[in-house]
């Protein structure tokens with residue numbers, strides 16, 4: 001029997017090469033076993049269960065997935081990616097660990113070829129779907145800086161590495177071999193960068209957006225280098241080079257000139273109402289499979305032909321999302337098998353390392369990696385003038401290696417373009433880079449540091465006569481009406497309001513997050529029709545407000561787990577004082593039943609409350625009780641807004657009071673402030689207020705805030721003593737139905753006060769605070785909308 005190393009060449013060659021091997025197989029092959037009954041009950045010992053192809057492959061997949069998940073279960077806690085676990089699983093089955101038993105019993109020579117074919121198909125689907133998720137149109141909007149960095153980070157390392165290889169290698173090594181090796185070292189793969197940033201949860205951060213943009217440009221030039229390598233290969237190895245080159249060029253022209261325009265035209269018709277048919281999916285899959293066959297037929301790598309077909313498909317709904325939804329499970333299931341089979345080729349036992357090959361490869365990799373790192377590091381500092389740690393993290397991201405480079409090295413090894421020792425060395429570099437780079441990037445770059453800064457951005461610290469910057473988050477159509485009604489009741493004072501409407505949309509079948517600013521001075525062609533309705537409603541509200549409100553609409557398309565990054569970015573950019581986020585339970589009927597509950601939105605709200613760079617408010621809309629401001633000014637006095645503010649004390653309550661006072665400046669708003677006092681406080685009934693300890697910082701500020709409220713004649717103020725939580729619940733229940741909107745502070749404090757003692761144990765929604773949760777409880781049966789405010793948490797508090 002052949003060794004594992006020799007047998008492994010059978011399935012690895014499925015990436016594109018065909019070598020003549022003399023291997024004996026049993027024909028016809030034994031596919032399905034006789035069943036467990038024949039082996040264990042009837043005791044047929046003449047047949048081996050693993051001698052049948054199907055049980056053997058199924059057992060191989062089971063063992064590989066079990067070992068991979070076991071490795072990943074432990075390594076992910078240390079910050080390592082799944083790729084490391086998959087490669088380590090392959091090394092376990094390589095001759096380094098097991099040389100005879102595993103090769104003889106589990107990985108038989110009859111099963112290696114079909115197992116390898118399955119794994120390669122998984123990788124080809126991965127490349128195809130990576131192309132589908134990539135938005136080629138984004139390249140048009142990239143600036144010169146990104147194009148400069150992306151091109152220099154590929155071409156300059158290539159030239160330096162090629163020069164080193166030409167000098168260090170012997171004269172027998174052809175220029176094509178050195179060029180192929182230098183290309184494999186200097187290339188940058190966009191799918192690998194996307195995978196890395198996704199695992200680090202930096203996809204829509206400042207580093208992530210810049211890394212994705214630069215990686216897209218670098219990926220374009222890497223494809224050009226690979227195309228040139230294919231041409232050199234045809235010229236150096238094939239007498240009929242002109243015909244093969246014509247086929248390669250013709251394939252690219254066909255995809256760019258015919259397939260891409262046809263698919264874009266199809267997508268436009270689908271968005272205009274034409275029904276989606278399965279025949280469209282079948283045609284695209286035929287193109288994908290045809291590109292794989294064409295690559296094998298002409299002796300080229302079947303790595304990038306599916307990727308090019310995928311790039312021709314418009315990303316996102318309706319066509320791209322349909323493809324990803326149908327076939328992503330194939331990639332996710334079989335791609336780990338491909339990485340594991342590559343790891344099985346890590347043979348340190350039989351591989352003979354020579355100085356003539358190892359030293360030039362090591363020097364070339366060091367030169368190329370350092371040059372790529374320095375180009376990205378220096379250009380990041382020069383163009384964007386950001387901290388050195390951010391520049392270093394960006395440079396490390398651009399130097400990362402992953403499954404695409406691993407497949408490319410495998411192809412070069414199968415074609416015997418590089419020697420076995422070069423392949424083992426490259427595989428080791430992939431493990432080293434993919435293992436260390438995520439750890440270094442996590443250490444160097446923390447986006448929350450720039451979000452939760454030392455600058456105070458809150459309502460109490462903003463000038464009452466200046467323009468108030470508010471960020472309003474929209475997730476569903478019902479959020480629009482609720483926010484407009486709240487803002488309409490808040491814009492009647494002397495100071496104006498600047499609202500940035502951030503419409504969140506889930507990233508579907510795309511790799512790159514999208515951030516669109518819908519500026520009024522220029523028309524933006526937005527493919528997201530749902531955002532158009534949101535923008536039109538807010539623009540109509542701005543026109544009816546007659547200058548008291550200015551609206552700027554932004555659409556952010558990103559994964560739900562990363563949406564908080566978009567909120568932070570806009571809040572920092574706009575110097576916002578308040579972020580309004582919708583409650584995760586919507587359309588709460590008067591009978592207390594819930595129509596929709598979004599758990600992903602609740603997780604998002606909790607993350608925003610934790611690290612927001614300014615104050616945050618959760619808006620709970622119930623029954624649309626706040627009427628919209630009439631356009632006809634003659635009817636203004638006939639409508640009133642009944643708003644109540646329940647004050648307990650603390651920074652969150654003072655922040656909520658600031659917003660309530662701004663609302664009360666509108667003559668249509670009727671504000672009532674209820675100060676709930678503990679049993680140890682006394683009520684004077686006059687303007688002297690509550691007796692306080694002047695040495696208590698919080699109590700002093702509470703006293704000053706209440707004194708300011710009493711001086712405003714248009715605010716109804718009363719003090720009520722509450723001995724315990726039961727008394728507070730009774731007071732709240734008696735007043736909620738009398739008002740259309742209740743404003744409270746979140747009061748996210750550790751120590752309980754007598755008025756709310758014990759409520760925390762029964763709190764169902766901690767993000768609303770004890771009092772907010774009480775108002776929303778079934779016992780209260782409130783029909784009033786709720787506005788819960790939390791003051792900005794300072795950076796030192798977060799740490």
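Including glycine, each Cβ sits where the backbone N, Cα and C put it.
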TrEMBL annotation of transmembrane segment - which of the ranges 424-445, 446-467, 468-489 it falls on: 424-445
Given ranges 14-35, 36-57, 58-79, 146-167, the stretch to which TrEMBL attaches the annotation transmembrane segment: 146-167
Beyond the flanks of the transmembrane segment (179-198) by 6 or more, those residues with Cβ under 8 Å of it: 81, 126-127, 130, 133-134, 150, 153-154, 157-158, 161-162, 165, 207-208, 211-212, 215-216, 218-219, 222, 225-226, 229, 232-233, 307, 361, 364-365, 368-369, 372, 397-398, 400-405, 408-409, 412, 417-418, 422, 426, 437-438, 441, 511-512, 559
Beyond the flanks of the transmembrane segment (114-134) by 6 or more, those residues with Cβ under 8 Å of it: 8, 10-15, 53, 57, 60, 107, 190-191, 194, 216, 288, 292, 302-304, 306-313, 315, 320, 323-324, 327-328, 330-331, 333-338, 340-341, 403-404, 407, 509-512
Any contact, the transmembrane segment (424-445) to the transmembrane segment (210-233), with at least 3 Cβ pairs under 8 A: no
Recorded stretches the transmembrane segment (390-412) and the transmembrane segment (279-298) touching, at least 3 CB pairs under 8 Å: no
Contact ranking winner - 146-167, 210-233, 329-349 against the transmembrane segment (361-384), Cβ under 8 Å: 146-167
Same-chain residue ranges lying at least 6 outside the transmembrane segment (279-298) that approach it to Cβ under 8 Å: 16, 18, 124, 128, 244, 247-248, 251, 259, 263, 266, 305-306, 308-310, 313, 319, 322-323, 326-327
